[in-house]
Ligand code: SAM
Ligand code: SF4
């Protein structure tokens with residue numbers, strides 16, 4: 001039997017996030033600059049290479065696969081990839097196949113995703129105001145995303161909304177968003193802005209709305225019960241007693257979630273990042289492409305990379321400068 005992936009801190013790596021493209025049909029201000037230069041197509045792993053890569057990780061013990069980007073659903077032919085992953089769900093090797101999306105293409109793809117075995121989807125949405133939505137995403141349009149959410153729920157997908165907490169932008173919509181998610185039976189998770197990539201003129205410290213403050217605001221209206229549930233990731237959860245809703249907080253800056261980290265991230269060019277907040281990575285494309293007939297060199301490279309997984313990240317806003325920032329965009333590593 002193949003030995004599972006265990007890092008130097010005895011954390012088992014069972015969760016792989018895969019960015020299948022760096023491209024996107026939106027230009028969210030905290031994520032991208034307006035004029036992005038995207039990678040040439042030949043740099044990207046083909047859909048067949050993505051399959052081989054993911055299948056190797058699954059053989060080494062990865063049980064949960066999250067597809068992200070850029071916007072995963074703008075990658076040409078991506079449904080073929082989802083369909084090819086269905087075999088790992090059917091064999092029981094994979095316990096979950098899921099994705100994070102801006103929702104723009106869900107109207108088209110929700111039924112196919114469900115048919116491929118996807119049962120849950122994270123949809124990013126920061127505001128319910130059409131004008132503000134166009135402002136924050138630059139190129140996105142709210143009605144299209146709402147139609148995507150409708151389609152996802154109709155198809156039977158469980159929806160979780162991810163909202164980036166942005167000072168002076170969606171502070172005033174906190175309760176509207178909570179109530180809207182409740183009315184549609186969707187989970188809701190707030191994310192703190194992270195210092196990733198050059199985003200042009202946007203002021204990152206100005207955007208930073210501490211989730212501790214957001215949480216205190218929630219506690220003025222609701223009774224919050226801390227839940228012990230952990231996903232091996234950065235999210236912490238509370239239940240709102242009045243509504244029964246579960247609300248998540250992703251706070252990489254105010255809390256350290258690294259001790260239970262069970263995940264690694266693969267970019268669309270085959271770079272493996274062992275930590276979202278560190279620059280170290282391993283090139284897995286070369287061992288994959290140079291050895292079409294054997295996965296052994298790829299397996300060796302994966303194991304070598306996992307043996308370098310660092311203890312944690314170094315993001316820090318506390319000195320009022322963005323310390324520990326990483327130069328790549330979130331759309332490169334995959335959110
Ligand atoms: N395009 C898809 C989407 O928007 O859901 C998937 C990729 S996106 C990079 C994944 C998540 O990262 C989104 O929820 C987005 O809001 C979040 N994100 C992007 N840039 C961020 C930043 N600088 N800090 C915190 N979250 C960020
Ligand atoms: Fe695109 Fe997602 Fe980044 Fe927005 S957050 S620009 S939707 S990749």
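In case you wondered, yes, glycine gets a Cβ from its N, Cα and C as well.
On the 0 to 100 pLDDT scale, the domain 'Radical SAM core' (8-234) averages 93 in this prediction. Sequence annotations record features per position, and here TrEMBL assigns domain 'Radical SAM core' to 8-234.
If you look up TrEMBL, you'll see 17, 66, 100, 160, 263, 264, 265 marked as GTP binding site.
Taken from TrEMBL, the feature [4Fe-4S] cluster 1 binding site applies to 24, 28, 31.
Per TrEMBL, the feature S-adenosyl-L-methionine binding site maps to 30, 70, 124, 194. In this structure, residue 194 (S-adenosyl-L-methionine binding site) belongs to neither helix nor strand by DSSP; it is coil.
For the recorded site, residue 258 ([4Fe-4S] cluster 2 binding site), the DSSP three-state label reads helix. Look at TrEMBL and you will find 258, 261, 275 tagged as [4Fe-4S] cluster 2 binding site.
Cα of residue 263 (GTP binding site) to Cα of residue 124 (S-adenosyl-L-methionine binding site): a distance of 20 Å. Measuring Cα to Cα from residue 70 (S-adenosyl-L-methionine binding site), the binding-site residues that fall within 10 Å are 24, out of 24, 264, 275. The distance from the Cα of residue 66 (GTP binding site) to the Cα of residue 124 (S-adenosyl-L-methionine binding site) comes to 14 Å. Between the CA atoms of residue 261 ([4Fe-4S] cluster 2 binding site) and residue 17 (GTP binding site) there is a gap of 13 Å.
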